[in-house]
């Protein structure tokens, strides 16, 4: 069993070695990038964000839509480009007829407001005159059956009118409060936004520097990777070459074992053959003497039934003749002194040298690692040049100055707007309070009047509560006449401002007609040329710039930076990695110099192969060993003699048979049995040598060739793996550079040097002016105007209803037909005139 398992182990080692030689190291691909290879950069740039504002849904949205539709009907003209061009470039050339033609709808509304302003005070004075003549708001002269229906109709109409006025004044109050609530933060947002934009422009260089400082992230990662590069390379070389190396060492160890074992078995064969030959020489006389004595005894006539054993006794002689087997002395002489080298120590040293490759790689690569760290410091200086050469001040200074100028000029106007808004709010609150007072007079008058009517038994009777109700209605009528012209003036003033803001600014802002007007050459004077002040490209305009900024374009795309500063050229990876790649590409080190078999060991194996072990005739040994030491089995013959002894009548013959049997047993135990043990030992050695001999030459040649091949291939393949590992490392580190430079480009374009805050500021301005101020402003004058115009039917209904709350002058029943009441008996009544 032991030789069988040794053969299997040799076969497995040979297969492993063949696989290692057929699959050369260095063919493995780089490991795919792990999630840890993705860099994470901190968003620490100096970009100042402008929060985007949006229209907030409101319960007054239906009212806002109604007001906008009314304004669209009032002002149906498009943006007056010719009029605006003349007003901006040559204000003196603007003709009044042009303004009137454009503002025709507002002119008509102004005429209506003027008529209302004149008519209401005149009507109020006429009403006062009539009251002094006891005409308007007096008493009914006659009582008719239809008076109750008319009274209820007037009450319903006045109540409905008052309810409409109440809803309108409520909307006016809510809208006025929203205007006040949005005006102050809206006005404050103008300088704040301009200041934020200016800070954004001014802080772009700081943002660029912060982006450049983020190079510390890939630099630290690369420095960390450099710290483990040398050991990683050594471990990779050791891992990829250990199969081939260990297989060669195992094969060499097997050949060394074959040498030691073969020498041992050859010595056994030599000694055993000599011992057997010597023993047979000593055994032969003893066998002849025993054969003579046994044959003589068996031929004795007194020996009963001895003839049957006589034949076996006569063949009692030596069997195998070991003096004729081939001698292995010549082979042993050739192997004399072997092994001269210590194969175990040789293999241990080769194994140790190979296993020390990782430490050797660390030692050999120490200098290049130090040089690469120094190279990273130079790369940091090159990256810093991005911030140093970024030409922002010359391009952002005009924009910053324009924003600063706009911020300074806007302050007086904003203060004036805030002051007039205070006046508007106070006037609106006072007039809304007066309207509420009028409604209160109407409500109290109708309540007292109706209560008085219910308590009065005769229509001609005087009732104080009904009279008080009539007086409250007349007070409300007087307040309406007295303040209606102020209401219409406030309505028209706010209407003229809010309507023009909506139709001239907001409507054209939404459809971007304002941008088109600004973009048209000649519309703006040179002092207001925004394209020049903002340093836009010649082939660009404000509309295109607004769209580009809204889509996240960079400042150099809008401010012509891309023509004077090629950012992509400054962010090319080879510009920063050339030295890094060159140092890694030029590095070389011999890491695979491993001596597996020294000269003495090689000569020992060559001597072993030439020693003639394979030339010995082991078949002759095996043939001799098949022959027994003695032809006749001594134990068998001894048992036969013992059997004959029992059959004898002659005690002398029986004694002699017993003595011969004992002599045979003694010869078997003392001599033959020991020779048989030597034959068995000789058989084991011969069997091993006969199995090894046919393949000895081939195995030794293969081992020597494989060892030489592995020793020659190790340095080349180690160098190949070194180049592969350095190539993988270079590509991995270049990915860090690429990630950083890509992030720099994206950040500079979209965040740090983005002009999206400018577009957001414009959108916020439209939301504040149009959605948050103009809409409630227009809802205010629309609601207040509704209150003002509904005061007219309120006055009419209140004056007509006043008569029904007072006593009737003549209590005459008239049905409109003489036939229905043929008899009419007048009754004297005391009427109060």
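The backbone N, Cα and C atoms fix where each Cβ goes, and this holds for glycine too.
Feature transmembrane segment, per TrEMBL, maps to range 779-801 of the set 756-778, 779-801. Looking at the stretches 342-367, 368-393, 394-419, 472-497, the one that TrEMBL records under the feature transmembrane segment is 472-497. When the ranges 290-316, 425-451, 506-532, 533-559 are checked against TrEMBL, the one recorded as transmembrane segment is 425-451. The transmembrane segment (153-175) shares the most Cβ pairs under 8 Å with 425-451, out of the stretches 104-132, 425-451, 472-497.
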